[in-house]
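Novice: The feature alpha-D-glucoside binding site is assigned by Swiss-Prot to LYS131, ASP159, GLU398. Per Swiss-Prot, disulfide bond is recorded for CYS125-CYS161, CYS332-CYS338. Swiss-Prot lists ASN25, ASN104, ASN296, ASN416, ASN425 with the feature N-linked glycosylation site. What Swiss-Prot lists as region 'P domain (Extended arm)' is 248-381, and the listing cites similarity to another entry. The annotation region '4 X approximate repeats' is assigned in Swiss-Prot to 250-316, 320-377. Per Swiss-Prot, repeat '1-1' is recorded for 250-261. Per Swiss-Prot, the feature repeat '1-2' maps to 267-278. If you look up Swiss-Prot, you'll see 286-297 marked as repeat '1-3'. Feature annotation from Swiss-Prot assigns repeat '1-4' to 305-316. Here Swiss-Prot flags 320-330 as repeat '2-1'. Feature annotation from Swiss-Prot assigns repeat '2-2' to 339-349. The repeat '2-3' annotation in Swiss-Prot covers 353-363. According to Swiss-Prot, the feature repeat '2-4' maps to 367-377. The signal peptide annotation in Swiss-Prot covers 1-19. Sequence annotations record features per position, and here Swiss-Prot assigns topological domain 'Lumenal' to 20-481 based on sequence analysis. According to Swiss-Prot, the transmembrane segment annotation covers 482-502.
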Amino acid sequence: MKFSAYLWWLFLNLALVKGTSLLSNVTLAEDSFWEHFQAYTNTKHLNQEWITSEAVNNEGSKIYGAQWRLSQGRLQGSAWDKGIAVRTGNAAAMIGHLLETPINVSETDTLVVQYEIKLDNSLTCGGAFIKLMSGFMNVEALKHYAPDTEGVELVFGPDYCAPEINGVQFAINKVDKITHESKLRYLQEMPLSKLTDTSQSHLYTLIIDESAQSFQILIDGKTVMVREHIEDKKKVNFEPPITPPLMIPDVSVAKPHDWDDRIRIPDPEAVKLSDRDERDPLMIPHPDGTEPPEWNSSIPEYILDPNAQKPSWWKELEHGEWIPPMIKNPLCTAERGCGQQIPGLINNAKYKGPGELNEIINPNYMGEWHPPEIENPLYYEEQHPLRIENVISGVILEFWSGSPNMLISNIYVGKNVTEAQIIGNKTWLMRDRAFRGSDGPTERKFMNSRLGNLQTTFHNERESPNPFDRIIDRILEQPLKFVLTAAVVLLTTSVLCCVVFT
């Protein structure tokens, strides 16, 4: 048992070593951003680059009460298992970073946003949104960030709040060409978030193809939503809509007085029963209800308290005449009974209820009335609905922290799908395989982007020229075979040694 445990420990450590070496082999474009959090030694060092907001509300309390820390994750020593963790649950969380090289997305570019999330505790309500910001020039802008801060160009990430919400949010900022008002437009249809899964980490990817005006959402490298030709507003629903409606109702027109929109009406030929009196009550006093012999209705049930004293602070000029409180009349005992005696009620035999007539379908029904439509004076045609109109200068994580110790890592923002694929393959996929201890066809494949027909996967990447890396690759491809082979070799060696030395 100890021997097999040792072999499995050796396999995991080989995976960690391989993952560490893979990170150093990734080369990105100059305007690509990848935060794997390897450069930070502790939380204090992290806070020099990743800034939390110090904004306060009207009461003087900090808006974002959640605290962050640098976390190593589950596999200690793993270079690709490091990230930042929200230490506080049930609090507003925010942390941001300024990009050294701002990202300018042109009409022909492809924008990719990708990051990894791992929950350690169960979640009932919370999110994990990433926001791309424009106009952030210095650290002070991050320190003063508030929910109403302008410059949010894009929102992406999982959101869960049982039972109403469970999906991946996507919103893009667009400026109305008529009113010049800037608003985030939220996608109304959302794929399931998988945010409640605490068993493993999940990788969230957004790919926007500016030239095709299409977008794709992936979870763990698998496409969960693809929407093409966003300029066709009938296919994709954003709220508020990216393109205003061409026709709108004419609010100046009122419904005609003779418009009959009643679906059913009382039958005009039905005859109401002549013996029906709608004034008859449902219940009547019992006809045999008489006072018991010992009952005395002349004695009041309640009297003024003769022993009550007017309070010393009572002033009749201010409070009016003082009246003692009422008490139960001591002369009215349970045996005798006093006051007005109310007889019991019984059902009225004459009651027949209101005379409801039968209904028929209205022969004059004209349907539901709608005002006529007119051309929208604020209409304009949006040629590039998914265009990021401003230069991206900062990345912010902002959400309601519903789960303490939630780990976020491997944040990528760039214009290259292949870069995101390689990062996902060399980080999330490597760790996922180590956790699962398997390497089937499903685990090997990562992304298959319909936007560009790229099919780069972990399996078909070029092999490393390093012999040590190639040996580890073979071990990782078939870990069970490696464990069994090593066990047989060690057992055979032990037997031979015993034979030789005896």
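Keep in mind that glycine also has a Cβ here, set from the backbone N, Cα and C atoms.
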Novice: When you measure from the Cβ of CYS332 (disulfide bond), which residues in the chain that are at least 6 apart have a Cβ under 8 Å away?
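Specialist: When sequence neighbours closer than 6 are ignored, CYS332 (disulfide bond) has ASN296, ILE299, PRO300, GLU301, CYS338, GLY339 within Cβ distance under 8 Å.
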Novice: If I take the alpha carbons of ASN416 (N-linked glycosylation site) and ASN104 (N-linked glycosylation site), what is the distance between them in whole Å?
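Specialist: About 13 Å separate the Cα atoms of these two residues.
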Novice: Under 8 angstroms, Cβ to Cβ: which one of 305-316, 320-330, 367-377 has the largest number of such pairs with the repeat '1-1' (250-261)?
Specialist: 367-377
Novice: Please compare the glycosylation sites ASN296, ASN425 by how many other CB atoms fall within 10 Å of each one's CB, and tell me which has the fewest.
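Specialist: Comparing Cβ neighbour counts within 10 Å for the glycosylation sites ASN296, ASN425 gives ASN296.
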Novice: Quick one: which residues besides LYS131, ASP159, GLU398 have a Cβ within 8 Å of the alpha-D-glucoside site's Cβ centroid, in sequence order?
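Specialist: In sequence order, the nearby non-listed residues are GLY127, ALA128, PHE129, ILE130, VAL155, PHE156, GLY157, GLN169, ILE396, LEU397, PHE399.
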Novice: How many neighbouring Cβ atoms, not counting its own, are there within 10 Å of the Cβ of ASN416 (N-linked glycosylation site)?
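Specialist: Other Cβ atoms within 10 Å of ASN416 (N-linked glycosylation site): 18.
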Novice: Using a 10 Å cut-off between Cα atoms, which of these recorded positions sit near ASP159 (alpha-D-glucoside binding site): ASN104, CYS125, ASN425?
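Specialist: Cα within 10 Å of ASP159 (alpha-D-glucoside binding site): CYS125.
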Novice: Determine how many residues of the region 'P domain (Extended arm)' (248-381) DSSP places in helix, in strand and in coil.
Specialist: 4 helix, 25 strand, 105 coil
Novice: So what sits near LYS131 (alpha-D-glucoside binding site) in its own chain, CB-to-CB under 8 Å and at least six residues off in sequence?
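Specialist: The answer is VAL152, GLU153, LEU154, VAL155, PHE156, VAL395, ILE396, LEU397, GLU398.
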Novice: Note the mean pLDDT of the repeat '1-4' (305-316), expressed as a whole number.
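Specialist: A mean pLDDT of 88 is what the model gives the repeat '1-4' (305-316).
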